[in-house]
Amino acid sequence: MKFAVAIAFTLLVCVFAQEEEEPVTCGGKQCKPNSCCVQNSHGKGKDSPRCHPLGKLNNPCEVEPNENGIYSQHCPCGEGLSCTKVGEPNKLRCQEESGKSDKSKESQGSDESEESEGSKESSG
C-alpha cells in the first residue's frame, strides 16, 4: 500500500513539473522563457494578446492573470523581484525581494571588515 502511494505521489509530481516547463501560449504563439502573455483591455477595443518579458526592477507589474492565464497590462516580476505597492497612488512595481538586498549588503560589509583587518595585520 505504501509503495502504491509513493508511486502515485511521484507521478503527480512529474505531471506538475511538466506543466510548469511548458511555454506560455499567447495569441496562437508560444512565448519565450521569462515572458508572459499580456492583452491590453483598456481603450478602444481590445488588443490581441502579445508576449512580453517579465518585469525588471522598478517596472510596473501585475500579480494575477485572468482565468485564461493572460495579464491585463503588465507581466509579473522576474526572478529575485516581487510585485510591491510603491509610492502614491500605490502602484505595483517590481522591487528586490525583502531580505535579498539586506543579505548582500551584510556580506559586502563583512568582506570589507575582513579586508581591513587583514591590512592591519600586514601593516603591523
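Glycine too: its Cβ is placed from the backbone N, Cα and C atoms.
According to Swiss-Prot, the protein has these features:
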type	residues	note
COMPBIAS	93-108	compositional bias 'Basic and acidic residues'
DISULFID	Cys26-Cys37	disulfide bond
DISULFID	Cys31-Cys51	disulfide bond
DISULFID	Cys36-Cys75	disulfide bond
DISULFID	Cys61-Cys83	disulfide bond
DISULFID	Cys77-Cys94	disulfide bond
REGION	93-124	region 'Disordered'
SIGNAL	1-17	signal peptide
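Where Swiss-Prot records a feature, it is marked here on the structure.
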residue: Cys26; record: disulfide bond; DSSP class: strand
residue: Cys31; record: disulfide bond; DSSP class: coil
residue: Cys36; record: disulfide bond; DSSP class: strand
residue: Cys51; record: disulfide bond; DSSP class: strand
residue: Cys61; record: disulfide bond; DSSP class: coil
residue: Cys75; record: disulfide bond; DSSP class: coil
residue: Cys83; record: disulfide bond; DSSP class: strand
residue: Cys94; record: disulfide bond; DSSP class: strand
Greatest C-beta neighbour count within 10 angstroms, which of the disulfide-bonded residues Cys37, Cys75: Cys75
Spatially closest candidate among Cys36, Cys37, Cys94, the listed disulfide-bonded residues, to Cys61 (disulfide bond) (Cα to Cα): Cys94
Residue among disulfide-bonded residues Cys77, Cys83, Cys94 with Cα closest to the Cα of Cys36 (disulfide bond): Cys77
Nearest of the disulfide-bonded residues (Cys31, Cys51, Cys77, Cys83) to Cys37 (disulfide bond), judged by Cα-Cα distance: Cys51
Cys94 (disulfide bond): nearby disulfide-bonded residues from Cys26, Cys31, Cys51, Cys83, Cα cut-off 10 Å: Cys83
Using Cα positions only, nearest of the disulfide-bonded residues to Cys51 (disulfide bond) (Cys26, Cys75, Cys77, Cys83): Cys26
Count of other CB atoms lying within 10 Å of the CB belonging to Cys94 (disulfide bond): 24
Rounded to the nearest Å - Cα separation of Cys31 (disulfide bond) and Cys75 (disulfide bond): 12
Cα separation, Cys77 (disulfide bond) to Cys83 (disulfide bond) (Å, whole number): 6
